[in-house]
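Taken from Swiss-Prot as is:
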| type | residues | note |
| --- | --- | --- |
| TRANSMEM | 6-26 | transmembrane segment |
| TRANSMEM | 45-64 | transmembrane segment |
| TRANSMEM | 78-98 | transmembrane segment |
| TRANSMEM | 99-119 | transmembrane segment |
| TRANSMEM | 150-170 | transmembrane segment |
| TRANSMEM | 175-195 | transmembrane segment |
| TRANSMEM | 205-225 | transmembrane segment |
| TRANSMEM | 239-259 | transmembrane segment |
Amino acid sequence: MTIQSLIVTIGSGGLVGFALGLLGGGGSILATPLLLYVVGVTNPHIAIGTSAVAVSVNAYANLIAHAWKGHVWWRSAVIFALVGTLGAFLGSSIGMLIDGQRLLLLFGLLMAMVGLLMLRGRATAPRAEHHQTVLRMCMKTSSVAILTGAASGFFGIGGGFLIVPALIFATRMPTINAIGSSLLAVGSFGLITTLNYARHDLVNWTIAMEFIVGGITGGGLGTLLATRLSASKHLLNRVFGLIVIAVAIYVIWRSWASLVA
């Protein structure tokens, strides 16, 4: 491991942490492409397993910062995370059976669709009370969580770009609270994915630790910026959508090129 590669890996982790802190997701979207195309990991499944470690730890670290600022709706977040981990385990088990480049191609297509939906925006939802988690909301949150967890595990990602809109859909919480609350699920889904991939020796622990070092620093900066932008939910949605689409285009191009080569 050279100094240059160490700097590149830590810097890449910083970008991942910044995205997690700012958007409550996007970290895992950025992590796998960065590991493959910048850091130099050659096996897509090892890149996915390794990114899951860093994304999980960074998500939990950023969760603390968001919780300190009062952004987390704990009951909805806990229900979503607990139920979603069941889906994440099943999804990750299936994902490991699929060719890595085909998995990345599907992942890129999914990102593009979600990014376009985020750019379109959504109708303003009636605000739910912070202290009310009625039975209907719990059931709605749980059903969305298990589907989101399955998708997150299948693609080997934390799934923040799915979890944020899913939380808004299920609970009608404001965007900044969905961002903060999503981090519990991002961390939990990443942890389950990590353990599942590690059982098959598909995690590079050295690179993962370097990612974490950069990610914690970047996450702090992202959280500060998220607080400043909390009053402009539409801006957050559009920034989120643009990042997802940009990364999607690159992932689709690279994975398609590998498949047809």
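Cβ coordinates come from backbone N, Cα and C, glycine included.
Segment contact holds for the transmembrane segment (175-195) and the transmembrane segment (6-26), given three or more CB pairs below 8 angstroms at sequence separation of 6 or more. Most Cβ pairs within less than 8 Å of the transmembrane segment (150-170), among stretches 6-26, 45-64, 78-98, 205-225, 239-259, belong to 78-98.
Highest Cβ contact count with the transmembrane segment (239-259) among the listed stretches 6-26, 45-64, 78-98, 205-225 falls to 6-26 (criterion: pairs under 8 Å).
If you count C-beta pairs under 8 angstroms between the transmembrane segment (6-26) and each of 45-64, 78-98, 205-225, the highest count goes to 205-225.
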